[in-house]
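What follows is a short report on a single structure.
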Amino acid sequence: MNADLTVVSPQIQAQILAEALPYIRKFHGKTIVVKYGGNAMTEERLKHGFARDVILLKLVGMNPVVVHGGGPQIDNALKKIGKQGTFVQGMRITDEETMEVVEWVLGGEVQQDIVMLINHYGGQAVGLTGKDGGLIRAKKMQMPDKEHPGQFLDIGFVGDIEAINPAVVKALQDDAFIPIISPIGFGDDGQAYNINADVVAGKIAEILKAEKLIMMTNIAGVQDKQGNLLTDLSAREIDEMFEDGTISGGMLPKISSALDAAKSGVNTVHIIDGRIEHSLLLEVLTEQAFGTMIRSH
């Protein structure tokens, strides 16, 4: 289905809207948490389409909450100061200098770009970091050393979430704003921590009792070792894929967070291809199934 209403006939436009009606009714008043990342954040056409999609969800009565990443933008900023990004088990090693770059890029450049685009198209977006309203309290991550059981790797200012205070997000939702959250947490001493955006999105969805968690990525969904798309995954199947190495690298925190959200009561969890224009609307407002659904059982 072509979701761009500017290039189809009035009859097809009416058909699309009619198909969306049951979903608009079903999800009216519900919270939809979207992890926004990948090409959808870097390609101009997709960026503008995403902004319009989020506004439409808000206008028809849903409560979208956006948690954004920014890995490519951080890498580009680090290159400008002669640093190379390094990852362990899908997590970015974050020394003091890198943490300063992460704060500036995520909480400044990337977040403001999203906010300005949504506001440009008539929405009301407000940017938040974990420090705002005490939204994300974090502590230094203790990452197990897989090669030395019982020991831990020091990966710098990478954080684990200790607590989420949803009050500021709920207040914005009640006032018709769209929260745009940067995945930066803060410790009790004020230290900033870099937190994986997938982890933040999953925990936000859990705390807000979201109807849906949608993770946008650069692939069609979760794939097996032969590259075949897996449209539906249970907790047991995911555990097996962790064990045999099918899921690795940056997909580790993504799938773990998706599964945790499903187990914690988020009704539906999907990993979708953000390279498809209007993929967010297709997921929420049509019968068209694509990507991978994560199930807790």
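Note: Cβ is positioned from N, Cα and C throughout, glycine not excepted.
Taken residue by residue with DSSP, GLY70 (substrate binding site) is part of neither helix nor strand, so it is coil. Residue environment of GLY70 (substrate binding site) contains 25 other Cβ atoms, counted within 10 Å of its Cβ in all protein chains. Sequence annotations record features per position, and here Swiss-Prot assigns substrate binding site to GLY70, GLY71, ARG92, ASN194 based on sequence analysis.
Take the CB of LYS35 (site 'Transition state stabilizer') and look out to 10 A: across all protein chains shown you find 31 other CB atoms. If you look up Swiss-Prot, you'll see LYS35 (among others) marked as site 'Transition state stabilizer', on the strength of sequence analysis.
Counting only same-chain residues at least 6 apart in sequence, those with a Cβ under 8 Å from the Cβ of LYS254 (site 'Transition state stabilizer') are GLY90, ASP198, MET215, THR217, ILE271. Annotated site 'Transition state stabilizer' per Swiss-Prot: LYS254 (among others), in sequence order.
Under the DSSP three-state reduction, ASN194 (substrate binding site) is assigned to strand. Separating the Cα atoms of GLY70 (substrate binding site) and LYS35 (site 'Transition state stabilizer') is a whole-number distance of 11 Å. Separating the Cα atoms of ARG92 (substrate binding site) and LYS35 (site 'Transition state stabilizer') is a whole-number distance of 18 Å. Ranking the binding-site residues GLY71, ARG92, ASN194 by how many Cβ atoms sit within 10 Å of each one's Cβ puts ASN194 at the top.
The two recorded residues GLY71 (substrate binding site) and LYS35 (site 'Transition state stabilizer') have their Cα atoms spaced 13 Å from each other.
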